[in-house]
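Copied over from TrEMBL:
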- B:6-24: transmembrane segment (TRANSMEM)
- B:36-56: transmembrane segment (TRANSMEM)
- B:62-79: transmembrane segment (TRANSMEM)
- B:88-107: transmembrane segment (TRANSMEM)
- B:140-159: transmembrane segment (TRANSMEM)
- B:187-209: transmembrane segment (TRANSMEM)
- B:221-247: transmembrane segment (TRANSMEM)
- B:253-276: transmembrane segment (TRANSMEM)
């Protein structure tokens, strides 16, 4: 059985100890996973240095209303670079990270990519926050002939269209795509008593694709549910109350919202005052699903104002999985920065270590070698084992949802009642024609949740 | 049923419009007097929120924090006007854009340095809601409506009942005659800039308890303030009040009837006005 093989595999990988490990030829998707080769981590002989310095360009949003997100990523990549340099660098070369601001604008990010490669001599690019930006940046990666590791932007169009259909091989996404926000959210929703769902989403690509995946998946899982109302908020909405009251008019008893950042804070606060939480209350909490609710900025700022019992997730939550590597990462992050790691911070940390590992394995800076090594590899990282799918260069790994709990032992709310599915059961699969749940998994999936 | 829902939407739209009004009143007021379109107005709004936050952390008194913060922002406005903006009066418009936009960048980064990039909140100050036509209307919506009207009255009284207001009116109606009859324009420029900045700071502080203070938060509101100001007629206080209400209502009722179009509506309204009456509802030709 697929699940068993996978669990054994996880144990095997975990036994190999800390650090990132890359194995080739991992099965994925609905095929039975087959573990083929796992390379044990050996100390790399320091031969001739490939370069004096390995330079990584990190592009994120460092200005404007969303500048927190650049900072959260920087904490991860800088921590990794510091750790690596302290331990002798990459085959003797120091790592240097050059940070650049995309300002959240596609043309600006493209300009920064060129400048990082041509003027700074960067060997790799990591980062990129938003959907629109990542689609534009992906287009220029073949031209500059460097690898891009995406650590935040989540649109499925990147992996399904730019990489899979158009064949852009230079881009890998090592963070979770909107399947987390739309599809897995629907699996969680299917377990709740709510039958009348409404949404409040940001009015751009991410909001629309999450809501589409959510509706399609949930209506398959639960033919009895209705989608009764939609509200679309511009980024930077100052007042959500007209949106809240217009959806409440349709008497929803469940809410799906992918609001994030400052808009999420405004929305949660105003939803409390407008009585929206009361409308979606059920015996076990709130039928309130907010995929980005467990983002660290939200937990630090909203804290106890976010009602206990709401279902939230992130693209990584620090308490999952409970592995030595993850505990070590969380501890190091708190010691270095005084904050719990954010999802994009974990992804940035992993990206830098991944770069180290592929250079050590291939002993070169040849990107064709790197691509070959990465495709179908399994990467042991704080967020768990990421399978890098060959077809779409998407790292496949699962992240749980959980219910918010205010525990005075922790400076930020924690999650209880963690629920997830094996990633291959909620990620869409090449050729990306059908929506989950996949027919043959349908029964099994429902039993498992 | 439907009518009650629409009435509640309209009230929420009014409350939303009032925030736009408070911020754009300062913008249009300053423009009317100095003829400088101040992009940094949004940054003053952001300062208002952050100062209210920090003073609140010290005093735990919201009203005191709000007013002190707005006064500090007024001082920052005065200094900016005297040191920088006064140098570009009468120069071509691009100078205004470059200078005031430069201020936005500097102020945004100052906020990031002093308060960090993660948004900050104070506890909600107006908790709970009214039940009206079987629907809930948050108390803070009412507080925005009342504050907006009070500010409109104060501006009206200042302009019509005080010497300062009379001089301001004289300056904006006929600049040359006013100056030749011995008015001190520098004094009027700096005080009107202070007043405009005070209103921006007040807007930020009023907004803080229903949301948060975050770097560059002014970027979102300033676009709306410009839309409101242009629809109302640049420099027209009355125009700003009316058009802020229109924008708030259009957005709120739009969310009810055509949710998928909500974000386009203010721009559609703007396009309409620009086509039919390019100088704005109360603007001068």
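Every residue gets a Cβ built from N, Cα and C, even glycine.
Beyond its flanks by at least six residues, the transmembrane segment (B:221-247) meets 13-14, 17-21, 23-25, 27-29, 31-32, 37, 39, 41-42, 45, 152, 155, 159, 172, 203, 207, 266-267, 269-270, 273-274, 279-284 of its own chain at Cβ-Cβ distances under 8 Å. Remote same-chain partners of the transmembrane segment (B:62-79), defined as residues 6 or more beyond its termini with a Cβ less than 8 Å from a stretch Cβ, comprise 44, 47-48, 50-53, 55-56, 122, 125, 190, 193-202, 204-206, 209.
Between the transmembrane segment (B:253-276) and the transmembrane segment (B:6-24) there are at least 3 Cβ pairs closer than 8 Å, counting only pairs 6 or more residues apart in sequence, which means the two stretches are in contact.
Non-local neighbours of the transmembrane segment (B:6-24) in the same chain are 41-42, 45, 132-133, 135, 137, 140-142, 144-145, 147-149, 151-152, 199-200, 202-203, 206-207, 221-222, 224-226, 228-229, 232, 240-241, 244-253, 255-256; each lies 6+ residues outside the stretch with a CB under 8 Å from one of its CB atoms.
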